[in-house]
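Asks: Summarising the annotation, TrEMBL assigns CoA binding site to 15-18, Arg38, 72-75, 96-98, Arg104, 137-140. Annotated active site, nucleophile per TrEMBL: Asp169, in sequence order. What TrEMBL lists as substrate binding site is Gly248, Gly249, Gln250.
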Amino acid sequence: MTKALDDIKIIDFTHVQAGPACTQMLAWFGADVIKVERPGSGDVTRSQLRDIPDVDALYFTQLNGNKRSLTLDTKTAAGKEVLEKLIKVSDVMVENFGPGALDRMGFTWERILELNPKMILASVKGFSDGHHYEDLKVYENVAQCAGGAASTTGFWDGPPTVSAAALGDSNTGMHLAIGILTALRQRDKTGKGQKVACSMQDAVINLCRVKLRDQLRLDRLGYLEEYPQYPHGTFTDVVPRGGNAGGGGQPGWVLKCKGWETDPNAYIYFTIQGHAWGPICDAIGKPEWKTDPLYMTPKARQPHITEIFATIEDWLKDKTKFEAVDILRKFDIPCAPVHSMKEIANDPSLRASGTIVEVDHKARGKYLTVGSPIKFSDMKVEVKPSPLLGEHTDEVLAELGYNSDNIATLHALKAV
Ligand code: COA
């Protein structure tokens with residue numbers, strides 16, 4: 001079966017998470033992604049947080065499926081020559097080195113364009129070009145703090161908190177993938193390549209736009225009625241941390257279920273969507289609240305929302321999170337169990353949909369990974385294992401026109 005991107009060749013000059021997440025997705029969709037790695041060591045995540053000695057860590061395997069690995073020392077003359085050849089025959093080069101690293105290597109945008117005017121050069125950096133922090137190196141949590149996410153996450157009586165979701169890393173990679181596909185589409189029309197950049201700070205800000213909405217509302221009103229601080233607490237002039245509040249137009253909270261005393265995830269998220277108020281009252285055995293003026297409207301409920309959630313929690317105390325959701329779903333109430341990663345790993349629906357998949361790695365054997373979250377009706381995404389370091393070096397060199405003697409010389413020079 002043909003894949004959408006099977007005529008696209010990508011030089012994957014990425015490491016850690018932000019860049020690899022982007023190129024892995026493009027590889028799932030059919031692109032020939034050649035991961036260029038330093039001989040001997042490769043991507044640092046191959047050896048970070050290893051669970052099996054001398055075997056590529058899960059950090060690496062989870063982010064580099066469906067790729068080929070070419071080892072290349074791009075600081076040697078012979079290595080540079082290989083990269084030049086590769087640039088000439090590729091469509092896209094993706095990199096997420098520290099600021100200026102590609103230029104220092106001799107591959108400025110001008111040089112890349114000279115080699116291939118149709119090249120799309122896609123970069124992740126911590127901050128955008130020209131930003132007063134543009135020289136900084138950045139990792140996930142740094143980006144979450146710089147992008148406004150941390151100041152608005154957590155509880156009001158605790159410090160700024162980072163999310164477990166990779167808002168700075170994988171999220172930026174996904175933004176970059178959209179940029180690359182857009183640049184490819186534009187190249188179809190103009191015949192020209194271009195630079196595509198996405199900073200981690202910008203990608204986080206893009207996901208925090210509702211918090212900017214709240215800042216503007218706070219500036220005008222002095223309060224935010226959907227936050228737990230309203231109406232009994234106080235607001236300053238910045239968007240506060242709202243704990244597990246709904247954040248949109250519907251109040252919501254994480255509520256304890258049966259077993260919460262020993263199971264850290266025996267909770268559900270419960271949303272009081274306005275039009276579901278009647279069904280909620282029926283579901284929790286409080287039909288009288290439907291016509292009680294103290295509870296009938298969202299505005300009337302807001303001052304005692306904590307007490308309402310406490311009542312729902314009392315109803316939940318003899319139900320597991322799964323039993324509770326099974327009851328509430330019949331009433332069309334937006335809710336979900338708080339899933340542990342163990343439950344995610346074993347969820348039959350996620351296995352069936354291909355969101356959680358098992359693949360077979362040459363050294364590690366079978367391992368679980370997250371497959372494509374995007375499903376297509378006319379393209380099957382096959383998730384394949386990550387490559388061993390340099391597994392495809394000779395194969396790629398041969399495709400670039402090197403004969404076996406030349407390849408042996410490159411090995412002897414330690415350029416590959
Ligand atoms: N051959 C030879 N040299 C190579 C090479 C190869 N195949 N691949 C990388 N290098 C060199 C680079 O040229 C660079 O050399 P230089 O600094 O002497 O010019 C060096 O390796 C490492 O570069 P750098 O990316 O700065 O690595 P680092 O480990 O110091 O920093 C990050 C790591 C992630 C903090 C940094 O890359 C960064 O800020 N990236 C942008 C934002 C980002 O993506 N963050 C991570 C998100 S998961």
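Just so it is clear, glycine is given a Cβ too, placed from its N, Cα and C backbone atoms.
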Asks: When DSSP is mapped onto helix/strand/coil, what comes out for Ala18 (CoA binding site)?
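Replies: Reduced to three states, the DSSP call for Ala18 (CoA binding site) is helix.
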Asks: Would you count the other CB atoms within 10 A of the CB of Asn96 (CoA binding site), including those on all shown protein chains?
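Replies: If we count other Cβ atoms within 10 Å of Asn96 (CoA binding site), we arrive at 28.
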Asks: Taking ligand 1 as the reference, state which of the binding-site residues Asn96, Gly249, Gln250 have a Cβ closer than 6 Å to one of its atoms.
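Replies: Near the molecule: Asn96.
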Asks: Which one is closest to Gly248 (substrate binding site) in space, judged by CA to CA distance, out of the binding-site residues His15, Asn96, Tyr139?
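Replies: For Gly248 (substrate binding site), the closest Cα among His15, Asn96, Tyr139 is found at Tyr139.
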Asks: Please identify, among the binding-site residues Arg104, Gly249, Gln250, the one with the smallest Cα-Cα distance to the residue listed as 'active site, nucleophile'.
Replies: Arg104
Asks: What is the separation, in Å, between the Cα atoms of Gly249 (substrate binding site) and Arg104 (CoA binding site)?
Replies: 50
Asks: How big is the gap, in Å, between the Cα of Tyr139 (CoA binding site) and that of Gln250 (substrate binding site), rounded to a whole number?
Replies: 33
Asks: Can you tell me how many other Cβ atoms are located within 10 Å of the Cβ belonging to Asp73 (CoA binding site)?
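Replies: Other Cβ atoms found within 10 Å: 21.
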Asks: Which whole-number value in Å describes the distance between the Cα atoms of His15 (CoA binding site) and Gln250 (substrate binding site)?
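Replies: Cα to Cα, His15 (CoA binding site) and Gln250 (substrate binding site) are separated by 40 Å.
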Asks: Cα distance, Arg104 (CoA binding site) to Gln250 (substrate binding site), nearest Å?
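Replies: Cα-Cα, rounded: 51 Å.
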Asks: DSSP on the residue listed as 'active site, nucleophile', three-state: which is it?
Replies: coil
Asks: Using a 10 Å cut-off, grab the number of neighbouring Cβ atoms around the Cβ of His15 (CoA binding site), all chains included.
Replies: 23
Asks: Can you list, in sequence order, the residues of the same chain other than Gly248, Gly249, Gln250 whose CB lies within 8 Å of the CB centroid of the substrate site?
Replies: Glu226, Gly246, Gly247, Pro251, Gly252, Thr271, Gln273
